[in-house]
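Colleague: Pulled the feature table from TrEMBL, pasting it below:
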| type | residues | note |
| --- | --- | --- |
| DISULFID | Cys885-Cys912 | disulfide bond |
| DOMAIN | 13-157 | domain 'F5/8 type C' |
| DOMAIN | 163-343 | domain 'Laminin G' |
| DOMAIN | 350-505 | domain 'Laminin G' |
| DOMAIN | 507-544 | domain 'EGF-like' |
| DOMAIN | 543-595 | domain 'Fibrinogen C-terminal' |
| DOMAIN | 747-912 | domain 'Laminin G' |
| DOMAIN | 913-951 | domain 'EGF-like' |
| DOMAIN | 970-1157 | domain 'Laminin G' |
| TRANSMEM | 1185-1204 | transmembrane segment |
| TRANSMEM | 1211-1232 | transmembrane segment |
Amino acid sequence: MGPVLVLVFLDNCDGPLVSNLLQASFEKSSQSSISNAPHFAKLNRRDGAGGWSPQVTDRQPWLQLDLRDRMEVTAVATQGRYGGSDWVSGYLLLFSDTGRAWKQYRQEDGRFVGNVNADGVVHHKLSHSIRSRFLRFVPLDWNPSGWVGLRVEVYGCAYKSYVADFDGRSSLLYRFNQKSMSTVKDVISLSFKSRQAEGVLLHGEGQRGDYITLELHRGRLALYLNLGELITPGSGRVAVTLSSLLDDQHWHSVLIERFNKQVNLTVDTHTQHFRTKGEGDSLEVDYELSFGGIPLPGKPGTFLRKNFHGCIENLYYNGINIIDLAKRRKPQIYSVGNVTFSCSEPQLVSTTFLSSSSSFLSLPATLSASGGFAVRFQFRTWNPDGLLLSTRLALEPQRLELQISNSRLRLTHHMSAQQKEEVSTGEGQQPRKLIWQMFGYVNIPLLCVPLGCPSSSSSDSYCENPTLAFQGCMRLFSINSQPMDLNLVHQGRLGDYKELQFDTCGIHDRCLPNFCEHGGQCSQSWSHFYCDCSGTGYTGATCHNSIYEASCEAYRLTGSSSGLFSIDPDGSGPLGPTQVYCNMTENKVWTVVIHNSTDPVRVQGSTLQKPYIMKFNYSASPEQLMALVARFCFSTFGPNCNPVTGPDGSPLSWWVDQGGERRTYWGGFLPGVQQCSCSLEENCMDMNYFCNCDADTDSWANDTGVLSYKEHLPVSEIVIGDTNRTGSEALYRIGPLRCYGDKSVWNAASFYQESSYLHFPTLQAELSADISFYFKTSAPSGVFLENVGLKDFIRVELSSPSVVTFSFDVGNGLVDLAVKSHVPLNDRQWHYVRAERSVKEASLQVDQLPLRFLEAPSEGHLRLRLNSQLFVGGTAARQRGFLGCIRTLTINGVTFNLEERAKMTPGVSAGCPGHCSGSSSLCHNSGRCIEKNSGYVCDCSQSAYGGPSCKEEVSVSFNRESSVTYTFQEPFSVMQNRSFQASSVYRGNSRARENMAFIFMTTQSPAMLLTVSTFSQQYIAVILARNGSLQIWYHLHVDRRPDVFSPRPSSLADGHLHRIRIHREGKDVYLQVSNGYIYKRKYTLSSDAELILIRSLTLGIVVGENFDEEVMQAGSKGFIGCLSSVQFNHMAPLKAALLNRGSSLVSVRGHLVESNCGAPADSTTSHPLSAAKTNKDNVSLHDSAVIGGLFLYFLLIYCFGVNMKLVPDVTLFHCLSSSLSLPLSLFVSLSLS
């Protein structure tokens, strides 16, 4: 590998760099007087007027330093102007190698915090150093009672580099001393500055198929790395890409670290870890590595890919300084083309258009000799829309417009108010950097690029902005082949402008780093990023929240029945969802995880030298299984018939636990003891042996038991030896993993003293946090939880009897979200709270009350920095503590064990007294349990069911003229009350949702079942078509055709009960139809728009609505039959019609008869649609396996400090041996709750 690169970090790179600079090293945009010249801006100096101040008319003031050479800058400091009231309270820091093309140094919030007085020094240590010659301080805010005043210091040290300049037709070849170089570890580092968006930086390959390529592609860095994997035709090479906008002609650092297949790729401050493909662990490269391009062998000057055009410095390959070798003309280096050793600096200066509403640049356009003009410029942007250029033509009122529209370039020639011609290009691509040439004829001397003109525009100029102004960067302006000097524009000597930033491209990649979690795809505009969570199983602004419940127990509490479900045991944590079977046929809830071998297996002919081995692949990953086991306490069943021990006591068979450790104890016994359950129960058929099969009789014997040690589950492998004797065989069966219960749902603590609290480790929630819990109290106020840092904090509290408040500060100022209930929350009943904070938004949900929502600022601090303990039920100051019960506290998918911590805390007790605190569901179908002095009652007001336990269906018979209309009390959005104005770019991405469920029976078709209409002419309709098939209509945009779904052509007007459940989440619509069997489908809408201002919901006949013709035909026929248990979100309109006939909210038409058209609710409750798959026919759980007889075994075990029953499968296993010397035993059948 050659010598090893040793990096030495100097602790003393913090010397002052400004104090010794000469007067010529200071530049400025302007100065208010000679005594306020820029060279007076040295820290702690009192010369002149005590610092630099610009003119009060300076629209964009700046102070510039020339450090005389490239330096390593590690810190900056500022002061106000001495003895005055002038100081800068906020500023930007720009850097440049040339003093013309500048780049902003980005703090977390983009700007630096400055001074609060004239003489105090504010020091900022840079999180990553700057290597540059020129620095520019750009004041943003200053003393409102004074003006800009600045003194500065910069700290750092000298910087030395080895530089090579590649002209796009050259490269360097590093040739090995031998034919090939094989390495298991590589470290490659370099910095580059590119003039183009494409180009190869590094390439090497070997004959066995190994290769490494590092190249720029569309301004992103792509690394191709393969260790011997065979590339099949058409498979292509897969790249790992990182960063963007790397063709900005500023330096970017790259570090590649590889050990075997593990690779770290770092670009600037961003690192991506990955595992490379291939069969080997070494990278084998033949002959040479090329830098700057890939020369074609035998053809000098010919390259296979586009070459790199720009500068590379400090290029090290495994400790070898490549550029130093090339500069000294060492024989290992071969130069192709013209490679020089100083970096040329092209003068490509950009201008940033800051505002999408008012930025503009106007330049004079003189006619060319041909009577027209030609315009040329380059631009880049993230926005899909924006006006680039507009000008009036000679013939009034003709004009030309060039704009980006829906990510396409469009040139429009307006010939009159009604007539126009268009030419488009760039279809399907978002132009980020394009060159466009346009020729046209003009007879006026003004060209606006783009337009958003000042109010003071003179009457002889023509400027208008019919669309969004351009927001992005432009450069290389020329009119009629004459370059435009924007310095003259900046100085007010040419054209005009508004809200521009000169000499820099301020475009910022808001998807780097990618804040979209769980594989969400990031897209962006100039000022915002957006996460597409489609197909991830997560939702929310950053794909943080799982759409699945955390356990089968949680599904049961939503009213679900048995079936396949996706559960996400760590919620918003890093693990994805996994599919399990939830068995809810009894009063228990079993979680079942299947694997690849659940049928009985016979084993013969195995020996210790060649044992029988079976590996079990579960439907969940090992990480998911560990999360499930840790949360639920699992078991497995797995019988076998083979010797447990040999004559010397050594094991002949064993099983392997989740950690890969060999286990020789068997079901029903304790870890570490090679015995079976019959030994523990003292009922082995021969008490001289510890297992029935060890008795070694000529007849079949069996052993069974339960594996219950949570840390060892699940069983990952079974090994059986010594069944190679005549007549000897083993039979085993490992059933699915089974679990009963989820104690974390009811993990609670009671707080009796205001000064008491539970404390936990610091909350790890820098970028995102979701906090959910239930509480009940009689106290008027109290802090539920709090965690603080030096300045940042996060808190959730009951601030008054009816208000829950979520407060936090990440450095952008205090944020308070409050939800006020119309009834007191200190009513000794359970209430649900969910608070979430991310870099995108914050929200607070309390019970079913409207969601309070606030969008985070696009610029500002992102990270919540905490350092104290997390206090639950109180604060560190022991004030405003909570009095009452808190249960099911979950933060970022982790449920906190309140009960365990409460056992050792004074003033707090484990659990919570009361009937409604138990784990059994006393109230069904979303009914709410309410404590009473001598018992409890079920509040069924938000359930479509009635009765003491919310289990009785509410059913009504309709005739053709019957209808029930539920009018919402006020204009009601099905979504949420958002306390912000969404950006115009992403307004359409609100996360709309509806839940509808009902039961019906009819023989009529067509028929109207249900309609939901809004004040904005939107509607949802569920009808039976003429052929009796079910149709769902979503009309979300008045100017578009509605989305219509018809699940299946078969008629539902068959006189049988049908249960319908419809759930929408954004564009996704989940449908469930059940009638003895369950039919499920998922559909995708053309829009994810929410229902705005819901007006009413109608069951039965509909008249006077502006629906589509087929819907109106069904509406005019009404509904004849029985409707039952109708639910829309948390509304139960049918029940409201029966219980509140005099209410102004309910309008009843025709004759309604209360009836009983349904069965008991519990036996027919359906699944949440977003969680279940559409087919469960292929699942075989094998709850019992009977072979030759029956043996039933029950065992009660307390596991993980939680009451959970372990119940075995009803399974019989026999062992048969003709040998008189070797015993046999049986592996157990078991299940664990």
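Using N, Cα and C of the backbone, Cβ positions are placed for all residues, glycine too.
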Colleague: Are there any residues at least 6 positions away along the chain from Cys912 (disulfide bond) with a Cβ closer than 8 Å to its Cβ? List them or say none.
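Modeller: Cys912 (disulfide bond) has long-range Cβ partners Ala748, Ala749, Ser750, Lys776, Cys885, Arg887.
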Colleague: Flag the pair the domain 'Laminin G' (970-1157) / the domain 'F5/8 type C' (13-157) as in contact if three or more Cβ pairs fall under 8 Å (sequence separation 6 or more).
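Modeller: Per Cβ check, the domain 'Laminin G' (970-1157) does not touch the domain 'F5/8 type C' (13-157).
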Colleague: Report, as a single number, how many Cβ atoms besides its own are within 10 Å of the Cβ of Cys885 (disulfide bond).
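Modeller: Its Cβ has 23 other Cβ atoms within 10 Å.
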Colleague: Going by DSSP, how much of the domain 'EGF-like' (507-544) is helix, how much is strand and how much is coil, in residues?
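Modeller: Helix (H, G, I), strand (E, B), coil: 0 helix, 10 strand, 28 coil.
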Colleague: Average the pLDDT scores across the domain 'F5/8 type C' (13-157) and report the rounded value.
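Modeller: That region's mean pLDDT is 93.
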Colleague: Tell me the residue counts in helix, strand and coil for the domain 'F5/8 type C' (13-157), as DSSP assigns them.
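Modeller: The breakdown for the domain 'F5/8 type C' (13-157) reads 9 helix, 68 strand, 68 coil.
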